[in-house]
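S.K.: Handing you a structure now.
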Amino acid sequence: MQLNSFRIVLLLVFSISIIDYVYSSDFVPAPPLLPRRKYVEHTKPISINPSQWVGKRIDNIQETEIELTIGIKQRNLNTLEKIVWEVSDVKHPNYGKYLNFNQVKSIVEPSEESVRIVSNWLENNGIDNFRLSGSGDFIKGKVNVLKAQDLLKVEYQRFTHEESGRILIRSLDPYSVPWELEDHIDFIGGVNHFPLVARLNKMENIKKELNYVSPYLVRKVMNASIVPAHAANSQAIAQFLEEYFSQSDLDLFQQHYRLDQKAITTIRGPNRETEPGMETALDIQYITAMAPNVSTWIVSTGGLHEGQEPFLDWLVDMSSNPDLPYVHSISYGDDESSIEKAYTDRVDIEFQKYAAMGRTMVFSSGDSGVGCTSSCDSHVPGWPASSRFVLSVGGVDWDGTNMNGDVISGGGFSNYFPRPQYQEDVVSNYLSKKVDKSFEKLFNSSGRAYPDVSSFSESLIIAHRGRLMSIGGTSASAPIIAGLLSNINSKRLSLDQPTIGFVNPLLYKIAKENPESFYDIKTGSNEFHCCKGFKSSDGWDPVTGLGVPNFNVLLDYMTKFDSS
Ligand SMILES: *[C@@H]1O[C@H](CO)[C@@H](O)[C@H](O)[C@H]1NC(C)=O
Ligand SMILES: *[C@@H]1O[C@H](CO)[C@@H](O)[C@H](O)[C@H]1NC(C)=O
Ligand SMILES: *[C@@H]1O[C@H](CO)[C@@H](O)[C@H](O)[C@H]1NC(C)=O
């Protein structure tokens with residue numbers, strides 16, 4: 001056995017050296033012994049749920065365009081990660097010493113060679129409209145589908161999502177790139193990825209307002225006083241697909257609850273006031289209710305274009321922006337297993353860049369509890385909630401007296417990312433005491449565990465299309481937490497302290513040293529379909545994380561740390 005594998009290795013070495021010889025200099029080969037592979041496969045075969053997506057031939061293929069986004073390999077990634085842990089560690093002398101956009105860029109920027117090789121490849125294929133992003137590490141542009149097929153050795157189809165009617169141009173074939181490119185690109189977006197199509201949140205008309213969750217109730221239960229906004233502070237919500245913003249709904253909401261009003265600072269991307277999205281209404285109304293007067297951006301990506309990958313668009317747009325808001329609330333998620341590891345690894349680097357710049361990324365943890373495969377044999381973790389470099393926010397419901405872990409609250413363990421040090425002790429404590437051994441095989445106990453914290457995710461009142469209604473989902477808990485964190489930034493900025501940035505290490509530290517900073521949620525569980533879920537319990541758990549912030553107490557602790 002050993003001998004055999006040894007021989008195989010030798011054979012490989014031998015044949016490689018022959019090929020090199022055959023192709024070197026100006027030696028013209030008689031028919032080569034082995035054809036040199038021109039292309040390397042860059043992805044695995046894709047499988048989709050055929051009951052959700054139906055693929056057809058593209059009829060007007062000559063006129064159909066697809067947008068491709070090429071992530072160029074960056075450099076010095078160990079340095080970047082080291083910086084992230086240092087600037088986010090209150091015990092480190094570099095705590096809060098964030099880098100600016102150009103400093104980060106100069107560390108990780110791809111080599112000129114990488115950019116040149118990718119550009120040459122495009123040009124040699126007659127593509128000259130692709131552009132390098134401001135961050136210098138994505139190349140992006142639109143191309144005819146026939147051209148893309150030829151470029152990537154795939155066949156595209158036109159897919160329709162049965163339930164929502166959404167249309168996508170995608171390929172199920174793993175794409176290939178010439179071998180010269182392999183070491184210079186991370187991934188190519190716009191080929192294989194099928195974004196999760198969001199389901200409508202539970203929504204109902206309001207009968208008795210008292211039975212629902214309002215900004216007042218959130219403040220009262222979370223012990224969150226109003227904090228004066230700092231003029232230099234900023235926050236943002238991200239919107240995908242055709243979710244637009246309505247100023248009149250925001251006005252209605254703010255007037256109804258007598259909240260301080262301030263105009264939205266920046267709306268990036270397309271907006272159609274006449275088609276207000278419920279998700280947008282929820283996010284903007286709660287982030288501004290929690291952090292009134294703080295400059296707020298709405299970043300909207302993805303209109304009707306069939307070839308678009310909205311999350312990737314958002315990422316490229318944000319990564320090229322030197323003046324990024326301090327806190328971002330993003331209610332977006334996908335099944336981790338449905339996405340290429342190479343893609344999530346690259347996005348993780350982008351999150352590290354934001355962390356190095358003192359930005360806070362808040363993601364909802366998902367509305368499918370533990371998630372579950374169709375064969376019921378394993379949980380399905382959600383991503384980006386499973387990234388170590390974002391704050392993942394789960395949900396609780398309110399029964400009129402108490403908060404309980406919400407059954408929808410996305411939670412569990414990543415299969416892609418290992419458990420970070422900051423949560424090691426609380427998570428191993430949970431695993432050692434609380435997990436029933438019979439279901440340990442459903443999840444990967446060595447992975448990054450989430451969520452980190454929680455807030456309200458059921459029966460929140462919003463204004464939508466001119467009237468009040470109620471809505472639920474971890475889509476609600478994320479902007480609540482994001483707005484409250486913005487208040488901490490306002491307070492810290494007023495004390496000349498750096499912004500909270502990548503806040504996870506500090507939150508876990510505070511929870512350990514000052515447990516009264518969180519309402520520990522001990523009831524509820526997050527089973528999903530035929531998969532058994534986790535139970536909330538003392539301390540951290542994979543339903544509600546560390547719990548719901550007791551905001552005023554947390555604010556006190558979080559303004560005690562400064563760069564030394
Ligand atoms: C918001 O601005 C208004 C008008 O300047 C001011 O009265 C109010 O106190 C501010 N509120 C906060 C939370 O900063
Ligand atoms: C479990 O998670 C680790 C990362 O923490 C990963 O390396 C490993 O591949 C995962 N196992 C499975 C079966 O996904
Ligand atoms: C609310 O926060 C204050 C600190 O500002 C703290 O003294 C008080 O105990 C907290 N209230 C509750 C109910 O936890």
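Glycine is no exception: its Cβ is also placed from the backbone N, Cα and C atoms.
The active site, charge relay system annotation in TrEMBL covers Glu279, Asp283, Ser475. What TrEMBL records for Asp520, Ile521, Gly539, Asp541 is Ca(2+) binding site. Feature annotation from TrEMBL assigns domain 'Peptidase S53' to 212-561. Per TrEMBL, signal peptide is recorded for 1-24.
For each feature listed, report its degree of burial, its nearest neighbours and the pertinent distances within the displayed model.
M.R.: Other C-beta atoms found within 10 angstroms of the C-beta of Glu279 (active site, charge relay system) number 24, with every protein chain shown included.
Around the Cβ of Asp283 (active site, charge relay system), a 10 Å sphere holds 30 further Cβ atoms from the protein chains shown.
Annotation note: Ser475 (active site, charge relay system) sits in a helical segment as assigned by DSSP.
The Cβ of Ile521 (Ca(2+) binding site) has Val396, Met403, Asn404, Gly405, Ser454, Ser536, Asp541, Val543, Thr544, Gly547, Val548 as same-chain neighbours under 8 Å, each 6 or more residues away in sequence.
Mean pLDDT of the predicted structure over the domain 'Peptidase S53' (212-561): 94.
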S.K.: Looking at the active-site residues listed here (Glu279, Asp283, Ser475), whose Cα lies nearest to that of Gly539 (Ca(2+) binding site)?
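M.R.: Given the candidates Glu279, Asp283, Ser475, the nearest one is Ser475.
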S.K.: If you measure C-alpha to C-alpha, which of Glu279, Asp283, Asp520 (recorded positions) come within 10 angstroms of Ser475 (active site, charge relay system)?
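M.R.: Cα filter at 10 Å returns Glu279, Asp283.
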S.K.: Using Cβ-Cβ distances, find the residues under 8 Å from Asp520 (Ca(2+) binding site) that belong to the same chain and are at least 6 apart in sequence, listing them in sequence order.
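M.R.: Asp520 (Ca(2+) binding site) has long-range Cβ partners Asp538, Gly539, Leu546, Gly547.
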S.K.: According to DSSP, collapsed to three classes, what secondary structure does Asp541 (Ca(2+) binding site) have?
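M.R.: Its secondary structure by DSSP: strand.
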S.K.: Which of these recorded positions has the least crowded Cβ, counting other Cβ atoms within 10 Å: Ser475, Gly539, Asp541?
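M.R.: Lowest Cβ count within 10 Å among the recorded positions (Ser475, Gly539, Asp541) is Gly539.
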S.K.: Under DSSP, is Ile521 (Ca(2+) binding site) helix, strand or coil?
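M.R.: The residue in question, Ile521 (Ca(2+) binding site), is coil (DSSP, three-state).
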